[in-house]
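Visitor: I have a structure I would like to understand better, so I am pasting it below and will then ask my questions one at a time.
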Amino acid sequence: MEPLIGMGVLALIGVAATIAGASEDLESDVGSQSNPNSQVQLAPQMMFPHRIFNKAVSGEPPSNALMCSVGAAVATVLISEFTLSPLFALVLGALIAACVHGTFAVTSTMGRAASQSRFKQPVYLDMIRSHTPVIMGYSFITTFCILVVSYLMTVVLGHPFPLTMLAFIWGITVGAIGSSTGDVHYGAEREFQQFEFGSGLNASNSGNIVRYGESGVRNGYDNSWFCAKFGGPVTGMAFGMTVFLGSWVTTVFDPAVSISRGWISVVAGVIIVLILIFWNWKIEVKARNAYGPYKEDKTEEASA
């Protein structure tokens, strides 16, 4: 393959991965999945009923791995057995995966709310009807972009793994990045805005999430709107960089050409990792110097 064509395909893969990362994080924010959902689940037990979609089908990595694997399996069958166009096959695969994910989301949130009836947590059918299409829409975008990435890597770049296996791996990866990157913005900032930033979460405040929004009762739409400003884009950038930089070294220094090029790609990958570690350290040091540690106010100091 010509180097320019390879870099062009790699750029397209990076764009698709960036979109997939952003949509995955916003999907988890609308449905309240992964780590922050433990507080949403705990809120009714602490006498704080809410109108937040409480699905948490599972952790984000296995949830997205299942979603992407289903879409890839359907697309593979349509391409190989029915000779359907790859584009239409990927779209139909993502659509079926979104329907499967939507089914799990509905049964999950209804089951969780019903199990908390003793704590006076209602099952809001209007909330379920309004949020489920949004969750399915985000999951469709995520799955389709992951399928595009996997298909291009398999067919164009000649990756040895089959489409379904690659989609499974990238599904786990995008879920893990969304859980560790974007969910911090939702859980640490959006759920506990009534407490001073940087103060941490006292055990006595567990479950005391923000239940009222800028206008009316807060729901998943509000959380997605807030996280689209920072958490979603950062997740997209993180996943996009992971996919792009991970494939860039082997595209520029193709191991198939010679063994020496293969070792050069390994060295280039290590250098990139070291640069990112140093960059992350500099950002953390700058943030600590700019904002400093959390300081107790006078009333807390007096009581201590």
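Note: Cβ is positioned from N, Cα and C throughout, glycine not excepted.
Pulled from Swiss-Prot, these are the listed features:
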type	residues	note
TRANSMEM	3-23	transmembrane segment
TRANSMEM	86-106	transmembrane segment
TRANSMEM	131-151	transmembrane segment
TRANSMEM	152-172	transmembrane segment
TRANSMEM	233-253	transmembrane segment
TRANSMEM	263-283	transmembrane segment
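Each of these features: where is it, how hidden is it, and who are its neighbours?
Guide: Listed as Cβ neighbours of the transmembrane segment (86-106) (distance under 8 Å, sequence separation of 6 or more from its ends, same chain) are residues 31, 53, 55, 57, 63, 66-68, 70-76, 78-79, 128, 132-133, 135-137, 139-140, 143-144, 147-148, 151, 155.
Away from its own ends, the transmembrane segment (152-172) comes close to residues 1, 6, 9-10, 12-13, 16-17, 20, 61-62, 64-69, 71-73, 75-76, 86, 146, 243, 247, 251 of its chain (Cβ-Cβ under 8 Å, at least six residues beyond either end).
With a threshold of 8 Å between CB atoms, the same-chain residues lying at least 6 positions outside the transmembrane segment (263-283) that come near it are 245-246, 249-250, 252-255.
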Visitor: So which residues does the transmembrane segment (233-253) touch in its own chain, when a touch means Cβ under 8 Å and the partner is 6 or more beyond its ends?
Guide: 3, 6-7, 10-11, 13-15, 17-25, 149, 153, 157, 170, 173-174, 177-178, 181-182, 185, 261-262, 264-266, 268-269, 272
